[in-house]
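A.B. asks: Before we start, here is the structure in question, set down as structure tokens.
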DNA sequence: AGGTTCAGACTGAATATTCGCTCAGTGTTT
DNA sequence: AAACACTGAGCGAATATTCAGTCTGAACCT
């Protein structure tokens, strides 16, 4: 595997498990099976690694949830498909979900990183713009709808994971209905 | 002002602005106008301060949003009152809002702290339980409803603050409607 | 084929820095 | 004058970062 990838994976695991402060660069290098120098060859510093992990996960997430995206599909179908996939992605990658929850609002994540990550999700805007045109949604900027629903997903999943509730298919659909009901006109 | 308060306030400002790692205890002491010893007299260590800030904000928030709480009021009225106040609280205390967003999912916050903070919000459970009895809400555990709506509020406000959108009364009410629509049967 | 060179990647011990925390000395209250 | 609270310089552990030396393998001789 690519060394950059190895470093990012090693760092993610350690940082999630022990926290940023308790994860020395030397441990990251060890676990990635490379020397310290190789880490600093690829990353400016520790925070640069965190930003790298953030972008990597967000890119993977976007690829996963939009895999089936087709503007010709109806808005409701698209909505269910996208958010259903998002739930599935987070449920099947708990470490990554944890990482995103923890760092989404952290000052460690630079503006530039945030913008870069967001750019992968432009299809949300397309879908919401289309839905608004068709009079399906309440009158709010697409971005607000994006955040509102995303926030619901995150906290709801966090709740489920903390209470160790296993999210079955029925629950998943019930949630999708809640999300839809919240923004539909 | 009480020294403990001074320390908590100073720490909150600095930690929000610079991040936990880049906020030495000495700066906290300086800004609070006290010596290091006084800090360590009151707090076991740095993480203890973070936990202290968390509880302080959550306590204040709970006091604010339930100030008018009365079980004899209708569920919809209670819902609007509580969440309306929550929005107002966060809007008028942006630093505190920031802090909570950043540390809600952080491992620095101990389980004990989380439980202690949550206990101030038991009235949510009461309200949701009552609403469920009356057949107003979708069939989910009260805790799920709490998290779902809270997540919506947080992310939506975060969006507004990042895009520097000023939330007027109309928008506030529109949001309340979204939150209600999401969980109503 | 075997030898030589060498650029660039890699390593990890050594260095430099940062910061959490202590405690001897000072100030304040009763 | 005893009891108590407070201060902040300094200790030392943790760890971020550097860089001198090593390794690798491709290119080029002989």
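Sequential numbering from 1, following the chain as shown.
Placement of Cβ uses the backbone N, Cα and C atoms for every residue, glycine included.
No curator has checked TrEMBL annotations; they are predicted automatically.
Copying in the features that TrEMBL gives for the protein in this structure:
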- B:1-61: domain 'HTH tetR-type' (DOMAIN)
- B:24-43: DNA-binding region (DNA_BIND)
A.B. asks: Quick one: DSSP breakdown of the domain 'HTH tetR-type' (B:1-61) into helix, strand and coil?
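C.D. replies: When I sort the residues of the domain 'HTH tetR-type' (B:1-61) into the three classes, I find 47 helix, 0 strand, 14 coil.
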A.B. asks: For the domain 'HTH tetR-type' (B:1-61), what is the mean per-residue pLDDT, to the nearest integer?
C.D. replies: 95
